[in-house]
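S.K.: This structure is in structure tokens; I'll ask about it shortly.
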Amino acid sequence: MQHNSLVARYARGNLVLQILVGIVFGILLATVSPSHAESVGLIGSLFVGALKAIAPILVFILVAASIANQKKNQHTYMRPIVVLYLMGTFFAALAAVVLSFLFPTHLTLVTGAEGATPPQGIAEILRTLLFKLVDNPVNALVEANYIGILAWGVGLGLALHHASATTKAVFEDLSHSVSHIVRFIIRLAPFGIFGLVASTFATTGFSALASYAHLLAVLLGAMMIIALVVNPAIVFFKTKQNPYPLVFQCLRESGVTAFFTRSSAANIPVNMALCEKLDLDEDTYSVSIPLGATINMAGAAITITTLTLAAVHTMGIEVDLMTALLLSVVAAVSACGASGVAGGSLLLIPLACGLFGISNDVAMQVVAVGFIIGVIQDSAETALNSSTDVIFTAAVCRSEQQKSQ
């Protein structure tokens, strides 16, 4: 009986506070017993694995069900959300350019990133994304190819739009059932994050990051400017309301989880649950959240721009204003295609370095630096990317609701 009451109290507890407790205990365990801390990393891996496993099914079922059950003349607000995604990514690249010029970083380059193959150009990235669009639906689910999943989900939803009410009800019930499983997995987040924090501190530590403190400061500074200045400004522009309650809630409930899972895909169920909590339009967020995990890449744009300009300053190359603006555009476009590249934003750095005539050997050494600081860079990048998906979706939904009142 006491066991049941403990479980009930845990289930009713504040999830964010429970996650913070998990973080503290993870750091303590890594400090006291690194060997045991590495062992509990298994819990973190299981948590991330569970999120990654449920996310493709969740997206496919939700998208198909929401489109199939959409009423006539019912509008979704995808166009303004996509515009905000693209604007946010470009502004992120621009912020990184400004900070990189104000506080130029000089790197000590020694070795390259072995076994990594960067894309040859924008055309290759677009080609990869197009082929992901027409992927086999079963393979798309197995490989967690969200572009393919979205395409097939939308296609099936449109096909089912004229199906019988019973068939539509089955898909609606399926979406509710999958959502229940997601809520159960999210309740286990404190244990998962405890394992992730403990193993990260035990295996990596932060001594390796000390020599790259300046580079990290520029990277994280640009990300904070986007998260705390630019994103709130965009939300205020759309809603004409104080943006900070929404921004802080999204950073707290989406950003913290994304920071430790380091996976936009794994954070899709968390974002879906947050959108439901914010009472947003399900037909909109069921599409905008998985799409955002694919193309809304403000953090990736910052990483590409900052590390490319670090290489530029290290090589002593002069950069004029127009080239810097061109870099912002290239970084923004490349970042939107980061999901189409194995290794994500870091392997798009050679593409941006090509603008300045920097050799592939030097560019791959910069990529190696990116891998060294990845424990912080990748975590912060994912937290910014993922929380921004909800922020922009909420801003547009609330703006459209105000217009309709």
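Sequential numbering from 1, following the chain as shown.
Using N, Cα and C of the backbone, Cβ positions are placed for all residues, glycine too.
Grabbed the feature section from Swiss-Prot, which reads as follows:
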- 15-35: transmembrane segment (TRANSMEM)
- 43-63: transmembrane segment (TRANSMEM)
- 81-101: transmembrane segment (TRANSMEM)
- 140-160: transmembrane segment (TRANSMEM)
- 188-208: transmembrane segment (TRANSMEM)
- 217-237: transmembrane segment (TRANSMEM)
- 289-309: transmembrane segment (TRANSMEM)
- 315-335: transmembrane segment (TRANSMEM)
- 362-382: transmembrane segment (TRANSMEM)
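Give me the local environment of each listed feature.
M.R.: Within the chain carrying the transmembrane segment (81-101), a Cβ under 8 angstroms from the stretch's Cβ atoms is held by residues 218-219, 221-223, 225-226, 230-231, 234, 238, 284, 288, 291-292, 295-302, 304-306, 309-310, 313, 324-325, 327-329, 331-332, 335-336, 384, 388, 392-393, 395-396, all 6 or more beyond its ends.
Cβ atoms under 8 Å from those of the transmembrane segment (140-160) belong to residues 52, 55-57, 59-68, 70, 129, 132-134, 167-168, 171, 265, 268, 287, 290-291, 293-294, 339-340 of the same chain, restricted to positions at least 6 beyond its ends.
Using a Cβ-Cβ cut-off under 8 Å and counting only residues 6 or more beyond its ends in the same chain, the transmembrane segment (289-309) has close neighbours at 59, 63, 78, 81-82, 85-86, 88-93, 95-97, 99-101, 104-105, 146-147, 149-150, 215, 218-219, 222-223, 226, 264-265, 267-268, 271-272, 275, 319, 327-328, 331-332, 334-336, 338-339, 344-346, 348-349, 352-353, 355-356, 366-367, 369-370, 377, 380-386, 388-390, 392-393.
Below 8 angstroms of C-beta separation, residues 86, 89-90, 92-94, 96-97, 101, 122, 125, 297-298, 300-301, 304-305, 308-309, 345, 348, 351-352, 355-358, 362 of the same chain, each at least six residues beyond the ends of the transmembrane segment (315-335), sit close to that stretch.
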S.K.: Out of 15-35, 43-63, 362-382, what stretch is closest in contact terms to the transmembrane segment (217-237), meaning most Cβ pairs under 8 angstroms?
M.R.: 362-382
